[in-house]
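As structure tokens, the structure follows; a few thoughts come after it.
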Amino acid sequence: MGSCQAGHNLHLCLAHHPPLVCATLILLLLGLSGLGLGGFLLTHTTGLRSPDIPQDWVSFLRSFGQLSLCPMNETVTGTWQGPHVVGLLTTLNFGDGPDRNKTQTFQAKIHGSQIGLTGSSAGESVLVTARVASGRTPGTCLYFSGVPKVLPSSQPPISCSEEGVGNATLSPVMGEECVRVWSHERLVLTELLTSEELALCGSRVLGLGFFLVLLCGLLCCTTAVCFHPRPEFHWSRTRL
């Protein structure tokens, strides 16, 4: 009898308070989504990209990653040209040459059309300098020098120190062929979330999901026990 009355109360609430029912369903869906996302974050502790990386830099470097960087045949001094210089730190693979334990610098000039730019930006030149750190210091600093309209307007996700930007001593050639900068990189630019960040984010999302699901259950139980139709509702049905 009690279960029938509770079901009847829920049916009356559904019939006479649709906005409340819709709000409860929305909270329930959000809670279930939070449970699923939180569980995913807690079980996948590696390989997730940081959402704070600007997508325009990702697209720019993916286009740049289709090119080959050709080292100079002899040691020369390169001058940074262009009113705007941006430096960012990436993880690149330049091969295991005999000088892999030394900091090396490679330089190339590219046109906007080579990285997918159109219009007036297609003919603009960009001077790219890569400073490959020694094995003890992982990471490669990439410096882009050119007019501001060619480079992405947002700040680079991982800035690189501009120490020694004025002049760059270029290293000798590392073999007979040009070097494919991103030949071994699946993602051109990515900053992975650490396991601590994933655990913190996953636990908070999971807790929020549990809270929303419990809130929906509490609303349903309260409605089933406490909701009663107004007396005038029965009188109106009797008159009809």
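For all residues, glycine too, the Cβ spot is worked out from N, Cα and C.
Among the features that Swiss-Prot reports, N-linked glycosylation site is placed at Asn167, with the record citing sequence analysis.
According to Swiss-Prot, the signal peptide annotation covers 1-38.
What Swiss-Prot lists as topological domain 'Extracellular' is 39-204, and the listing cites sequence analysis.
Across the residues of the topological domain 'Cytoplasmic' (226-240), the predicted structure has a mean pLDDT of 53. For 226-240, the entry in Swiss-Prot reads topological domain 'Cytoplasmic'.
Cβ atoms under 8 Å from those of the transmembrane segment (205-225) belong to residues 6-7, 9-10, 13, 24, 27-28, 30-39, 41-42 of the same chain, restricted to positions at least 6 beyond its ends. The transmembrane segment annotation in Swiss-Prot covers 205-225 and rests on sequence analysis.
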